[in-house]
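For reference, TrEMBL has these:
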DOMAIN    14-210  domain 'YjeF N-terminal'
BINDING   61-65, 124-130, Asp153, Ala254, Gly317, His370, Asp437  (6S)-NADPHX binding site
BINDING   Asn62, Asp120, Ser156  K(+) binding site
DOMAIN    219-491  domain 'YjeF C-terminal'
BINDING   Lys407, Gly408, Ala409, Asp410, Thr411, Gly436  AMP binding site
Amino acid sequence: MAIDDTRLVTPAAMGAIDAAAARGGIDSFTLMQAAGAHVAAVVLAHYPDALRVVVVCGPGNNGGDGHVAARLLMQSGVAVARFGAPPKPGGDAARAFTECPGSLAPLEDWQPRAGDVVIDALFGAGLDRAVGDDVAAVIARAEATGTPVVAVDLPSGLSGRTGAPTGPCFRAEHTVTFAARKPGHLLMPGRALCGRLHLCDIGIPARLIASDDRLWRNHPGLYSDHLPVADAAAHKYTHGHLAVFSGPLISSGAARLAAVAGLRAGAGLVTVASPPNAVLTQASHFTAIMQRALGGADALADWLGDRRLSAFVLGPGFGDADKARAFTRQLADTGRPVVLDADGITAHAACRDALGAAFGGAVRLALTPHEGEFARLFPDLAKDPALSKVDRARAAAAMLNAVVVYKGADTVIAAPDGRSAINADAPAWLATAGSGDVLAGILGGLLAQAMPVFEAACAAVAMHGLAARRAGIGMTAEDLAGQVRPPDHSAADAGRT
Ligand SMILES: NC(=O)C1=CN([C@@H]2O[C@H](COP(=O)(O)OP(=O)(O)OC[C@H]3O[C@@H](n4cnc5c(N)ncnc54)[C@H](O)[C@@H]3O)[C@@H](O)[C@H]2O)[C@@H](O)CC1
Ligand SMILES: Nc1ncnc2c1ncn2[C@@H]1O[C@H](COP(=O)(O)OP(=O)(O)O)[C@@H](O)[C@H]1O
Ligand SMILES: [K+]
């Protein structure tokens, strides 16, 4: 049975899905057997030379999965030792414990040996606090000896909701999870602590995995129906006109990167509007991209009378915060889509509410903060340790009636209506100076072509990652901009999580 591998489900929602499965007549012990079998299969496939499999078992159903895996591995002729505390009598875990031959030693008895592989079945979805000293000592022993760890559902100590450890946490080589990925499998540092993730079908019907979390990993299904269509009758104005605002001479390169990316993302025309003293420099770089000298507010008001200007990018290398605020207000009044990045975000740190008020009504503002910019605009959200990155992005989006692209290795895209996506497959070499300017340009290019903002943001983040893969390791932001391609309607789902 195929499972929907795009939907992300919080541990709490997973509990509700499990309950719904039970109400629907699905036997929970059968699910546990399937879960344990997948764990055993991953261990057999990846550690054929293990001399001993050490299963550390917790008191709940995560431990139950461990007991099932232990029994199946023993039946396959593998040497298995179990450590932990027995489960409370009566439930599925107790039955799995009873059905597994052999004894259960206390956790502190595990002395690592060469050839050990650990199955971490201590805590999964039920983790609700930092692990105790006994578990912390096991984690430390595994880490100190470099013993490979296969985690059941989640590495113990990792919050499946936030992707943050609650205290000491296993670092797994493989994590075997069931029915749906949890946010903590994709959010950092969770993604790194999980190692390679195996998403396994244990027989929970896909229709039950439709929780109302409205959270996905970023994938083409979120945006492919809204991509600009290449129409044989098109002319350049039907693909929109993107305006990118340049900063002063010294930092004018950022706008160039955004402009090139916007044109390559399919905008029909792109104009870079620069302070008069930067125009010559800009002109020496461009052929296909147009130029405009733009002084202050009056000049902008004149230009905005051109209805064909269909989207704006303001912020990369922009500098002047007063001017950024004034221009943003004028852009808001046009009713057309705006991408605020970098200095365009920072300029609003002391007037966040006014920014949200200026962009009321239909959503047409996109913000693309990295961690530092996010903390400047939303210090209250950034400081709250109870919030996950998804929670923070969603709250920010709702506050400003904007789509927020909260960048990083785990970029979160959130809309004011709560729809959110985590992008977890961009290559690490995207972390290079100027790559954020390229992303802002791609997004501007898609908005210029009239894509709705959330869908455009999801597509832009995916295109950014694909461009980085084409450019390859060692790329510069110039290389990256040169590798941007218009979105490909036929692109297969390139998810690599
Ligand atoms: N249908 C289902 O419900 C399925 C659940 N499965 C497994 O069940 C797991 C969830 O099981 P549970 O809900 O029993 O939860 P866990 O087994 O993750 O945790 C058990 C209990 O440990 C306690 N606990 C939490 N954090 C602790 C800490 N830091 N120190 C000490 N004690 C702590 C809590 O009281 C918690 O309820 C999943 O992760 C998955 O492995 C699988 O068997 C597949 C099917
Ligand atoms: N480790 C990483 N893996 C994948 N992508 C990353 C990583 N670190 C940063 N990125 C991406 O690289 C881009 C960097 O943007 P930004 O921080 O604005 O840089 P700059 O200001 O230099 O342009 C963002 O799109 C971000 O999501
Ligand atoms: K676990």
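Each residue's number is its place along the chain shown, starting with 1.
Glycine is treated like the rest: Cβ placed from N, Cα and C.
Curation does not apply to TrEMBL; its annotations are automatic.
Location within the structure of each feature annotated in TrEMBL.
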residue: Asn61; record: (6S)-NADPHX binding site; contacts (Cβ under 8 Å, 6+ apart): Met32, Gly91, Asp92, Ala93, Gly124, Gly126
residue: Gly64; record: (6S)-NADPHX binding site; contacts (Cβ under 8 Å, 6+ apart): Met32, Gly36, Pro87, Gly91, Asp92, Ala93, Ala94, Arg95, Ala96, Phe97, Ala121
residue: Asp120; record: K(+) binding site; contacts (Cβ under 8 Å, 6+ apart): Val56, Val149, Val150, Ala151, Val152, Pro155, Ser156, Phe170, Ala172
residue: Asp153; record: (6S)-NADPHX binding site; contacts (Cβ under 8 Å, 6+ apart): Ala35, Asn62, Asp65, Gly124, Ala125, Gly160, Thr175, Val176, Thr177, Phe178
residue: His370; record: (6S)-NADPHX binding site; contacts (Cβ under 8 Å, 6+ apart): Lys407, Gly408, Gly436
residue: Thr411; record: AMP binding site; contacts (Cβ under 8 Å, 6+ apart): Asn218, Val405, Ile422, Asn423, Ala426, Val461
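Ligand 3 lies under 6 Å from the Cβ of the following binding-site residues, listed in sequence order from Asn61, Gly64, Ala125, Ser156: Ser156. Less than 8 angstroms from the CB of Asp410 (AMP binding site) sit Gly163, Leu186, Leu187, Met188, Arg191, Lys389, Ile422, Asn423, Ala424, each of them six or more residues away in the same chain. Around the Cβ of Ala409 (AMP binding site), the number of neighbouring Cβ atoms within 10 Å comes to 17. The two recorded residues, Asp128 ((6S)-NADPHX binding site) and Ala409 (AMP binding site), show a Cα separation of 26 Å.
Close contacts with ligand 1, defined as a Cβ under 6 Å from any of its atoms, occur at Asp153 among the binding-site residues Asp153, Thr411, Gly436. Neighbouring residues of the recorded AMP site, listed in sequence order and excluding Lys407, Gly408, Ala409, Asp410, Thr411, Gly436, comprise His370, Tyr406, Val412, Asn423, Ala426 (Cβ within 8 Å of the Cβ centroid). Taken together, the residues in the domain 'YjeF N-terminal' (14-210) have a mean pLDDT of 97 on the 0 to 100 scale. Other residues of the chain with a Cβ within 8 Å of the Cβ centroid of Asn62, Asp120, Ser156, the K(+) site, are Val56, Gly58, Gly63, Gly66, Ala121, Leu122, Phe123, Gly124, Ala151, Val152, Asp153, Leu154, Pro155, Phe170. Screening the binding-site residues Asp120, Ala125, Asp153, His370, Ala409 for a C-beta under 6 A from any atom of ligand 2 leaves His370, Ala409.
With respect to Cβ neighbours within 10 Å, the binding-site residues Asn62, Ala125, Asp128, Ser156, Gly436 differ, and Asp128 shows the lowest count.
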